[in-house]
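Q: I am attaching a structure below and will ask some questions about it afterwards.
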Amino acid sequence: MSTDAQSVAARLNSAGFIRSQGFIGGKWTDAYDGKTIEVTNPATGEVITNVSCMGGRETNDAIASAQDAFVSWSKQTAAERSKCLRKWYDLIMAHKEELGQLMTLEQGKPLKEAIGEVSYGASFVEFYAEEAKRIYGDIIPATLPDRRLFVLKQPVGVVGAITPWNFPLAMITRKVAPALACGCTVVIKPSELTPLTALAAAELSIQAGIPPGAVNVVMGNASDIGEALLASPQVRKITFTGSTAVGKKLMAGAASTVKKVSLELGGNAPCIIFDDADLDVALKGTLATKFRNSGQTCVCANRILVQEGIYDKFANAFSNAVSSMKVGDGFGEGVVQGPLINDAAVHKVESFLQDAISKGAKVLIGGKRHSLGMTFFEPTVITDVKSEMLLSREEVFGPIAPLLKFKTEEEAIRMANDTNAGLAAYIFTSSIKRSWRVSEALEYGLVGVNEGLISTEVAPFGGVKQSGLGREGSKYGMDEYLEIKYICLGNMS
Ligand code: SIN
């Protein structure tokens, strides 16, 4: 391991932040067959630690623990649950440096960005600590004089939360915090590429007073764990962030026990820059949305549509800005672009680029693996991209910025909506009227106007079309973990 990474790992280990076992019913647990898997640092390829490689049997025990804990956790008052969540938030924030370092080690994102993710992740816990106290029902005016009609909101039960490697903390807290706030209990399956942050967060949940069994973590064999979660009638809800292909399988699998599902799937975000945009605002916003986490987010700009009058000016200024971005190990000074998560991610980026170049696109800067080796890739700007190229059709999930030219607003809207995805879209314009017109016409769950970073705990996050179902964050995120019960009192006169 590099000296920095090695000393960070040693420090985190002696401070108890590197856990290698799963977490079931409040106990640190090995895989029942003793199997382990390596967790590696994508910047160096070196092994950070080996974690338990769990499967169906451990998952079933985690579900049973979650079911036991549900009985008492769901009966606690909202105020009691809120206090535990608030304490969890305080502990996460108190350890944001350590959690950030852990995240940089296993995921690769630059330390500053990782610490930013810890604050972002913690913000969901704080927000839902507050929302826990606001789960209101309704009284409905009755249709008969001797009746009284009520609506009660109750927790759905045990939740299976399947989370990705690109946000090792925030995608967990965005699911687990509202679930706990509502009185649900959870079995988390973090990505086997980045389980360490999840395990550290689970340890802090116990220190916060969240009872054993309310939060369980199993990792290892993804398909066995997924199947156990889907098959169990006790699991009443699956929440997933990840690829559209896996999301479809989970949705189909959830049908046999008729579970609730919320899915936050892939995007293909258009970022539209109109001639009337403020160039500096458009540059800043586009850089932020394209290169966040080295292009590895579902809301990263995937297609940059630039109107013909500003195209050349934007392409030049954008390329200059991209060429000054420092690539390197996330612990390095001034680094803003870390490695990609693994070799498969680099192959995907390379094949998309190859497809575009073979169909006439031109690389302005970058375009190849970085001289640092490993999974580092040069931040790339590519022009003359057309809608039939893979770069326009699918999410590249890497530091590739494809520029497409358009003439009119109608054409931009048509191009932007020409996809099965519908998660995030961005527009840059100085016209208020156009902001409204285009925002309304875009078939997307989130729209950023003159802003590239729009995610926040207080606003609903989620997609339309094949980008998913349901919303996370905000007051709407609570509904995903609640059942509505109608109570009719008769003979009341
Ligand atoms: C994601 O990429 O799945 C989440 C991004 C965000 O929360 O902003």
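Glycine too: its Cβ is placed from the backbone N, Cα and C atoms.
In TrEMBL, annotation is done automatically, which means it is predicted and not curated.
Remember, predicted model here, so these are calculated numbers, not experimental data.
OK, TrEMBL features for this one:
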type     : residues : note
DOMAIN   : 28-487   : domain 'Aldehyde dehydrogenase'
ACT_SITE : Glu264   : active site
Q: Which of the three DSSP states, helix, strand or coil, fits Glu264 (active site)?
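A: DSSP assigns Glu264 (active site) to strand.
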Q: Under 8 Å Cβ-Cβ from Glu264 (active site), six or more apart in the same chain: what's there?
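A: Non-local contacts for Glu264 (active site): Met171, Phe240, Thr241, Gly242, Cys298, Leu423, Phe461, Gly462, Gly463, Ser467, Gly468, Gly470, Glu472.
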Q: Return the average pLDDT for the domain 'Aldehyde dehydrogenase' (28-487) as a whole number.
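A: Average per-residue pLDDT within the domain 'Aldehyde dehydrogenase' (28-487): 98.
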